[in-house]
Every structure is written in structure tokens, then in C-alpha cells.
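Just dropping this structure here.
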Ligand SMILES: C[S@@+](CC[C@H](N)C(=O)[O-])C[C@H]1O[C@@H](n2cnc3c(N)ncnc32)[C@H](O)[C@@H]1O
């Protein structure tokens with residue numbers, strides 16, 4: 001049957017196993033039970049499990065991919081699991097088990113084998129829509145209304161694993177040189193089609209021991225994220241604010257774009273996330289970055305900088321629904337109420353951060369959500385209420401920066417990236433100039 005994943009493109013390689021299949025299936029079952037409580041992000045729960053359990057790299061890859069496959073296909077697998085026997089989480093783990101079928105069969109009872117063979121006979125056309133799109137009901141209507149015929153291509157892309165992009169730190173090296181260096185370490189990459197800083201990998205090797213990584217020449221960053229930083233077009237000697245800097249993915253790109261000159265404030269309400277920026281900053285060679293933990297978006301420190309800043313990026317807290325390829329648990333952890341709270345927060349942050357800009361300055365509002373409520377609706381309301389901000393066409397900005405085919409990345413005045421069209425996560429950005 002087409003739904004079961006027995007080793008995906010990113011799954012573990014064929015070879016010797018260090019564990020009996022039943023022990024591995026048990027490990028998946030125990031972990032899945034914890035993940036499906038949805039009280040913490042899945043990646044955190046998986047990492048904790050790996051710290052507590054001794055598993056080899058291949059077994060870890062299988063367990064992680066099994067969990068993520070179940071999260072991606074939860075509606076379908078829950079439906080199929082109704083008809084089997086034994087604990088639900090074990091049946092879900094069997095359906096998502098990310099290794100060769102023969103290995104899995106070594107762990108199954110005769111009853112389970114029969115049930116799995118029956119699952120294999122199920123055809124997509126026999127299934128209800130909810131078992132094919134694997135989305136929560138509340139998310140289906142807004143996406144269908146927005147996407148029309150593109151709903152199914154989007155769903156398929158969101159339910160597939162994501163690739164892996166690197167950003168080359170151009171303060172340290174040129175992209176072509178880093179590409180050659182990686183090729184010598186047998187890591188094949190291609191230049192990203194739109195970002196001038198990006199390399200797309202065709203495999204997922206461990207990077208953190210590579211010299212290019214430890215000397216700060218590369219960072220893992222989706223091409224879409226790179227394009228958000230590019231839209232800011234931060235220049236030498238400027239005063240720039242990354243308002244929701246988090247662990248600094250975009251801060252590092254902005255700092256390099258400023259050639260390590262001027263002053264770049266990295267604000268965030270989470271001191272913990274800003275702490276994660278520090279080792280990345282140390283590797284990057286940037287000394288123009290000033291991380292500041294703020295209490296909220298109206299913090300006094302923001303008032304003091306009002307009217308003084310050349311460029312502000314707001315990479316707003318959002319539902320993350322554009323990143324379902326990497327974080328499939330988010331579709332189960334978000335809710336209409338959470339989106340409503342987020343949109344209120346997004347509007348408040350945008351309004352407050354806009355005060356920082358000096359006349360002629362540039363404001364970029366961005367999210368990694370695919371929902372209109374978090375994107376166009378926020379940008380539209382801000383534009384209507386702030387006539388001292390002129391909207392800029394994102395495609396003009398990117399074309400001016402040398403991005404070929406920039407119009408294909410945009411919808412109306414906005415940047416709108418989609419996994420099924422651009423092989424990036426789903427991203428949105430709106431750009432204004434302060435009059
Ligand atoms: C999308 S994440 C940022 C990701 C980051 N820019 C990157 O590229 O890695 C949003 C961030 O907004 C922060 N945040 C939430 N509320 C905020 C507020 N009122 N003011 C500033 N930052 C806030 C969160 O802590 C979170 O780190």
C-alpha cells in the first residue's frame with residue numbers, strides 16, 4: 001500500500017542492526033505515547049528519549065523517522081489502527097515503522113502480520129478525505145478557501161520530509177569555495193535557486209564536526225529563511241533591529257550582510273533562546289550583534305531607540321504551520337484559539353516595533369505560517385492604520401538584489417513561499433518604507 005513508509009529518502013541506510021526489531025518497536029511505542037500527549041514539542045521529547053535510552057545512530061534515525069511518520073499521517077494510521085489489537089501506540093508505530101519490512105516482521109505476532117497485510121490492501125480511493133490529508137478539521141477549510149486546486153499539492157508537500165539547506169557565511173567564505181570544500185568531504189550540494197547564500201544538500205550528513213561548520217562558514221538555514229533576511233537588505237554601518245531574534249538564525253544572516261559593521265540589536269522576550277545565539281555568534285565571527293532580552297514589545301529599551309533605526313525585521317511568533325515538513329506535531333498542537341491569540345500578539349509586536357524606524361527606514365514583517373490570518377490580514381491592517389509606511393513590492397526588492405525569477409516567489413506585494421512550489425518551508429513577508 002502507498003501509505004506505509006518503509007525507509008524514506010532520509011531514512012536509515014540498509015545494514016547491520018544493533019537491536020532486535022521488537023526492542024526497537026518497543027522504543028518507538030514508548031516514545032510515541034509521550035509525543036502524542038502533545039504537552040511538549042515533538043523534537044524536545046524525542047531528544048530527551050535519546051538522552052535517556054542508549055541507541056545507535058541507525059536505531060535513532062529509525063525511531064525518529066517512525067515518530068515523525070506517525071505524526072504526519074496520524075488520521076490515516078489512527079483509522080487503520082482501530083481494527084488491530086494490542087496497544088494503539090504499538091499499532092501506530094508498526095504502520096509508521098521506518099525500516100525494511102522484513103526487519104519489522106521479525107517483531108510482529110501472527111495476528112499483527114495479518115492485520116498489517118490487510119492494511120496494505122487499503123487503496124487511497126477507498127479512504128475518506130480526512131484520512132488522505134491528515135490535517136485537523138479546523139485547518140482544512142481555511143486552506144481550501146485559500147488554495148483551491150493547490151490544496152492537495154500543498155498537503156502532499158507538507159506531509160513529506162523536508163530537505164536541508166545551508167547558508168554560507170559570506171563574511172568568512174564564498175559560496176562556491178564552500179561548495180568545493182564540502183564536495184571534498186563527499187557532501188554533495190547544489191546552489192539554492194533564489195538565495196545567493198544557500199547550498200542545498202542531497203543527503204543529511206552530520207555537520208557539526210566539519211571544519212566549515214566549526215569555523216562558522218556554514219549554518220543550517222532553510223532557503224526561505226535566507227530570503228527573509230535578504231529582504232531586509234541590511235547594509236554596512238547601519239542600525240538594524242532583529243525584533244524576534246530567537247536563537248538568531250536570521251540575525252547571523254543580517255550581521256554578515258552588514259559586513260560586521262554598524263549595530264545589530266537582537267531582541268527577544270526569551271533569554272533562553274538568546275542564549276542559544278551566543279555559540280553561533282562566536283563561530284560566525286560577528287562582533288556587531290547586541291542580544292537584548294526584552295520584557296515585552298513595549299519595553300522601555302524600545303522607546304529609547306524610537307526613530308533611530310534603519311531597518312527592522314519582525315520574524316513574528318506564529319503557528320509555524322509553514323514548517324509542518326519538519327514539525328508535523330504543530331498541526332496537532334495548534335488550535336483556532338491559539339491562532340487568535342497569536343494574531344493579536346503579531347499585530348501588537350508589528351505596531352510597537354514600527355516605532356523604531358527613522359524616516360526612509362525599512363520594515364519587514366515575516367512569519368513561517370501559511371495562514372492568511374497571520375499574514376496578509378496582519379499586513380493589511382497595519383498598512384491601513386499607518387499611512388506613514390509605504391508598502392514595497394517584495395518582488396521589486398528581491399529583483400533589485402539580483403534574485404532571478406523573484407516574481408515567482410511573490411503573491412501581490414508579498415513574498416509567499418510554499419513547499420510544493422519553491423521547495424522551502426511556507427513563509428510570508430511584507431515590506432514597507434517609513435516616510
Ligand atoms: C519565529 S521565532 C524567531 C526565529 C528567529 N528569528 C530565527 O530566525 O531563528 C519568534 C520569536 O519571537 C519571540 N517573541 C515572542 N513574543 C515576543 C515579543 N513580544 N517581543 C519580541 N520577541 C517575541 C519568541 O521568543 C521567538 O523566539
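Backbone N, Cα and C define each Cβ position, glycine as well.
Keep in mind the model is a prediction, meaning the values are calculated, not measured.
Annotations for this protein, taken from TrEMBL, read as follows:
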type	residues	note
DOMAIN	154-435	domain 'SAM-dependent MTase RsmB/NOP-type'
BINDING	268, 315	S-adenosyl-L-methionine binding site
ACT_SITE	368	active site, nucleophile
I want to verify one value. Collapsing DSSP to three states, which class is the residue listed as 'active site, nucleophile'?
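Reduced to three states, the DSSP call for the residue listed as 'active site, nucleophile' is coil.
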Once near-sequence residues are set aside, which residues in the chain of residue 315 (S-adenosyl-L-methionine binding site), 6 or more away, have Cβ atoms under 8 Å from its Cβ?
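Same-chain residues close to residue 315 (S-adenosyl-L-methionine binding site) (Cβ under 8 Å, separated by 6 or more) are 228, 242, 243, 244, 245, 246, 250, 366, 367.
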What whole-number Å value do you get for the CA-CA distance of the residue listed as 'active site, nucleophile' and residue 268 (S-adenosyl-L-methionine binding site)?
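Pair distance, Cα basis, whole Å: 17 Å.
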What number of additional C-beta atoms lies within 10 angstroms of the C-beta atom of residue 368 (active site, nucleophile)?
25
Sort out the sequence-distant neighbours of residue 268 (S-adenosyl-L-methionine binding site) for me: same chain, 6+ apart, CB within less than 8 Å of its CB, listed by position.
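Once residues fewer than 6 apart are set aside, residue 268 (S-adenosyl-L-methionine binding site) is near 244, 245, 246, 274, 291, 293, 294.
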